[in-house]
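Q: Can you read through this structure? Questions will come right after.
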There are 2 protein chains.
Amino acid sequence: MEKLTLIKVGGKIVEEPDTLQQLLRDFSSIDGYKVLVHGGGRSATKIASQLGIESQMVNGRRITDAEMLKVVTMVYGGLVNKNIVAGLQALQVNALGLTGADMNIMRSYKRPVKDVDYGFVGDVKEVNADVLASLIKQGIVPVLAPLTHDKQGHMLNTNADTIAGEAAKALAKYFDVTLMFCFEKKGVLLNEQDDESVIPEIDRVSFQKYVDEGIIQGGMIPKLENAFQAIDAGVKQVIITQASEIHKNTGTRVH
Amino acid sequence: MEKLTLIKVGGKIVEEPDTLQQLLRDFSSIDGYKVLVHGGGRSATKIASQLGIESQMVNGRRITDAEMLKVVTMVYGGLVNKNIVAGLQALQVNALGLTGADMNIMRSYKRPVKDVDYGFVGDVKEVNADVLASLIKQGIVPVLAPLTHDKQGHMLNTNADTIAGEAAKALAKYFDVTLMFCFEKKGVLLNEQDDESVIPEIDRVSFQKYVDEGIIQGGMIPKLENAFQAIDAGVKQVIITQASEIHKNTGTRVH
């Protein structure tokens, strides 16, 4: 199978003109088939606040009421997505901005209310991978915003890490997928105080060992559990790296 | 050649949930290949005002400074476009929201400053009609936002009537194109006081006669001149009608 690199970058990188330009240059230099998934939470929070809408977060996730859904639809689907697409087109990358509603590529259902009512937040139900794969094979580079739809007329807010993971898993039927998560650090660190102490490779056995020894802890545990889940679903490798390193062979390789 | 219907609807219709739903139902009932082009000026003005940005219009066109460009990119490319796409998907129409930057389908150059500095407004330079036609023939229904790009990394604000006209002209190489402009009235009226006095057909000869007689005047003259320009460029017919009539064989047919 042919190789595909699917890169997820967080909001911070894509929301500041300088870091965005560098990211787009690095992304454009990656060979072969590729997909970019972006966040945009900081801009959403900022614009919501300017509109007098308060951002409420629970467990790091945004509560999305009707007014906040309008904001994220504007900011993720419009402002952030189209600036990335225009920037990539200038670099001769044939980008196409997509939400899950476009060509029904990612359908979700509104998250059921349990302890928390997250509002208009979608959990992914189905990825239309053959449509995505066909675009990619035509030389198009999808730029995915963190928005899905319920196929009943409503947009839904969906976490960008989830979009990246679900797209990678679905595309694994068609490509040899490398899923790359960009992170503030250069990778998973042996020593949190030493930014250069990147663990080059982690498999399930070493993961368990690092967790037992307390080297891997906190938010990195669910991140790596998600990575192993993607591997189980057919993704070739997951790389945890820094946005500025996406075009280099660095970071932590999870396999 | 196969038929294609390209419909341009203004902001008012697509910005109110009830009229939007009716429009989408009517649009979905149109047979054959189709494209929807939308505006969104009212929402842009409203959101700009909530953000403390004043809307300045000259000759009915929006002055688009850097802050206003962000607003229209959000509102046209995100909010309005994605709500239409999600609404059409719910009606089993395989909609794909696009700006001119996506797959480089519509490139423009920033309007040169003469008497007025319109700011980040783009005049269309090139339509990538083969890409659009290929999507359409795959059963995809493009939903075009009134935004283009300069292929140098910048989004530009472009009038929705212009987007519709340029797309129709470019697609005329591939399809037998009907270009439909939705309007507040049921068509071009013989008597402005009588909403039912629709002129069913206008050609160049009768147009000149109506203008000479003062029956057609004001803003309808440039609208019809644009329609004849589209006909000259190969568009089969231009229909001026009301949004609620798009699925009926009514309105004024310009040919």
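Backbone N, Cα and C atoms are what each Cβ position is placed from, and that goes for glycine too.
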Q: In TrEMBL, A:GLY40, A:GLY41, A:ASN157 are given as binding substrate, so which of A:ARG25, A:ARG62 is in that site too?
A: A:ARG62
Q: Among the recorded positions (A:LYS8, A:GLY40, A:GLY41, A:ASN157, A:LYS223), which are close to chain B, meaning C-beta separation under 8 angstroms?
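A: Nothing passes the 8 Å Cβ test.
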Q: Under a three-state reduction of DSSP output, how is A:LYS8 (site 'Transition state stabilizer') classified: helix, strand, or coil?
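A: DSSP assigns A:LYS8 (site 'Transition state stabilizer') to strand.
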Q: Within 10 Å of each Cβ, count the other Cβ atoms, then let me know which of the recorded positions A:LYS8, A:ARG62, A:LYS223 comes out lowest.
A: A:LYS223
Q: What kind of secondary structure is A:GLY41 (substrate binding site) part of, going by DSSP in three states?
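A: It is helical.
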Q: Between A:LYS223 (site 'Transition state stabilizer') and A:ARG62 (substrate binding site), find the distance joining the two CA atoms and give it rounded to the nearest Å.
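A: Between the Cα atoms of A:LYS223 (site 'Transition state stabilizer') and A:ARG62 (substrate binding site), the distance comes to 18 Å.
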Q: How many whole Å apart are the CA atoms of A:ASN157 (substrate binding site) and A:LYS8 (site 'Transition state stabilizer')?
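A: One finds 16 Å between the Cα atoms of these residues.
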Q: Whole-number answer please: how many Å between the C-alpha atoms of A:GLY41 (substrate binding site) and A:LYS8 (site 'Transition state stabilizer')?
A: 14
